[in-house]
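Report on the structure given below.
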Amino acid sequence: MDYLTTFTGKSGRLLRGTASRLWGLGGGGEARQVRFEDYLREPAPGDPGCGPGELRPPSPTSPEGPDTGQKKTLDKKDGRRMSFQKPKGTIEYTVESRDSLNSIALKFDTTPNELVQLNKLFSRAVVTGQVLYVPDPEYVSSVESSPSLSPVSPLSPTSSEAEFDKTTTPDVVHPKEAPPSSTESSIRPARVVSSTSEEEEAFTEKFLKINCKYITNGKGTVSGVLLVTPNNIMFDPHKTDPLVQENGCEEYGIMCPMEEVMSAAMYKEILDSKLKESLPIEVDQLSGRGFCHSKKMTGVPAEETDSRSRDQGNDSVSTAPRSTEESLSEDVFTESELSPIREELPSSELRQEKSSDASSESVQTVSQIEVESLTAASESADVPDHTNANSGRSSSEVGALSHETGLSSLEIATKEGDKATGNLQEVSGPKEQSTDIKGQDNQDSFHHENSLQQEAGEDSLSSGETVELTEKPTVLKDQQGKELKRDSETEVEELRKLWKTHSMQQAKQQRDTIQQVAQRESKHRGAPADAHGEGSSLLKEKRRHRLHKFLCLRVGKPMRKTFVSQASATMQQYAQRDKKHEYWFAVPQERTDHLYAFFIQWSPEIYAEDTGEYTREPGFIVVKKMAESGPDEAPAGEAAAREWEITTREDINSKQAAPAKADLEPESFRPNLSDPSELLLPDQIEKLTKHLPPRTIGYPWTLVYGTGKHGTSLKTLYRTMTGLDTPVLMVIKDSDGQVFGALASEPFKVSDGFYGTGETFVFTFCPEFEVFKWTGDNMFFIKGDMDSLAFGGGGGEFALWLDGDLYHGRSHSCKTFGNHTLSKKEDFFIQDIEIWAFE
């Protein structure tokens, strides 16, 4: 075996380890001598190595089998080298001739990344006949198979060497060892690791997939799928939608990176009057106008709540990657899989369900329920625990938990987390945490409630039974004591998540308080309670499943079209750079809470890596807009319509700095003119300056052509442009006294075709100032001939056209700028022209 030492690296270690197991030390302590022969024969008694005291090669009838048996074992081992244990919750699928990884993922409602992770593929290429593991659509997770979603998950070893040793150890060498049964594997202590390997973690993505409607500005409303990931937001229209079949997917497929999202707000109705007019009737009727969504659960019996919590299972936001041996089908948020996340507690009483293993509970759901329970208990501190009967109180009536209280509870729990005594202790089996932290008598009592999934045949505690933990350590059972050390880190980690979701809960309390006030005002206006009666309750019951809320995404740059080429998408993005970048989606009401939780979960990290201390500014913050009542709108109209808003700190700072900037704008936007303008007033110059390209700011305006100075000739105009290398501004005054014109990105010249860039735009002061910038539909900016000068084009019409004598002109709407007629009449007579350069 000396030649085996020549192999180095990982493969050498595996080869030497396998050889030592196959041909290691014999029972007498002597090394087994193995001869490799090209043919099989019976050894003679006199052959060396076959003496009485030495081991003989096994005969064909021996239990160990002959050399051919070893060869078959090696072949079998080599076949196993690329295989692994079948993950739970999966089925086998054989790749067909026209299959690709994307088509297979689409067929089984998963993602290509999950298939790569599930099958440990090295590339996305698949071949015909290849067997892949795909999620089983009929798989129902159980206690043994459902993965734990805690930040510190007990995972099986993912090392490739350990996996190779486990799968390739032949039965002939270790006949006493057998694969562990499912019962043994479920009760054996698992190795605690922080996460999966980097290779597996790179493929793990969480996302929301929501069926909604995209409300465009002037191009109708289409249905499709809104895909929200930690990195991007994308909308794909349904091909069966009538508008998509009529206009194509190019108009409606959009996406943008998450870092460009300035704010995301949820409204009960659309505030933009133009969008509201284009809203379909069915969406407008289901928008919930006048119906306040306070998310109350008044009068819900305990049995219904328990059954609802059991149905929820693992359907909540995941916070940590999972092992490849576990089911990945629950990572995806779909309409059919995800039940609404509970936000309000129907009772301040603590109910616990005892189960053998509660690893299937999600950390996000646990933390969220814990925060809500903390909030509910903070108001009812003066009521004893055994007399709390306000089962129908919603969080909007309770109020927000104070910041100081949350900090103090976090500090206490963090200090006691390592000891796992005092404020935190294990109640039942591994990873089951139902705690009640009591501080002082008749003061703030905090209830942590876990609605754990209950299996058939398992005992459960009564709904009124509570387990109270005092600050004195209690003696745990032997089994609990063994789990205590392992769960202490998990408790501290969950407290981090608890504090993280606490800030989210505070914002919800503010939002619900606004809605509560609006409800009370509407009731106070004289609507009798009897008038609502059964009809109102039935209507609300119907609307609960049919209502739409309106998601408004404000982005820094226009969203990119996904069904057009990269060049066209970039061109259209640039054309819409100065427009209002708001995108509206009609989202089902039951998915609004999922969106809120997702934005909070996947916003930039606000915690340190190893501690629960607040160290950085949040990437997204929840704000309440203090809008002043304008002359046209009712006070706090937008605040009443808005459900919630998540925005960036930069966006808030820019809004707060807007008034100060507005005061400085008149001075900063007054350029220096080489000659006084006879066509533009000072306020008109200021308005124009705000829309000029950035490369013109700071340069004085130089008059390079004027009909009063140079005459009315297009050829003279071209001659005065010679040698210029700046944008030029043309201002025209017609015989009706109307002022309009165009900004050209390049000086005017005679050209064979259209020239210019997207900086070109047309404007008019008739009757009010309007600027029409490039729409991105085409690139017909400027066209210069010896007998005419034109701006814009498409469909045979120009936005602005001048003849060779600079006497007659014409203006039409065109696709290049999306403008209307710049003058009062389509045909006009030119009275005066000024052309300004910036140099």
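The backbone N, Cα and C atoms fix where each Cβ goes, and this holds for glycine too.
These numbers come from a predicted model, not from an experiment.
Checked against Swiss-Prot, the residues SER194, SER396, SER654 yield a single entry marked phosphoserine: SER194. When the residues SER273, SER329, SER713 are compared with Swiss-Prot, the one annotated as phosphoserine is SER329.
Looking up SER142, SER197, SER294, SER522 in Swiss-Prot shows the phosphoserine annotation sitting on SER197. As annotated in Swiss-Prot, phosphoserine applies, among SER185, SER316, SER355, SER488, to SER488. Note on SER146, SER153, SER339: Swiss-Prot annotates phosphoserine at SER339; no matching annotation appears for the rest, which is not proof of its absence. Cross-referencing 95-122, 543-570, 795-822 with Swiss-Prot places the feature region 'Mediates oxidative antimutator activity' at 543-570. Between SER327, SER356, SER434, the residue that has phosphoserine written against it in Swiss-Prot is SER327.
Helix first, then strand, then coil: DSSP counts for the domain 'LysM' (91-134) stand at 15 helix, 8 strand, 21 coil.
Regional average pLDDT for the domain 'LysM' (91-134) in the model is 90.
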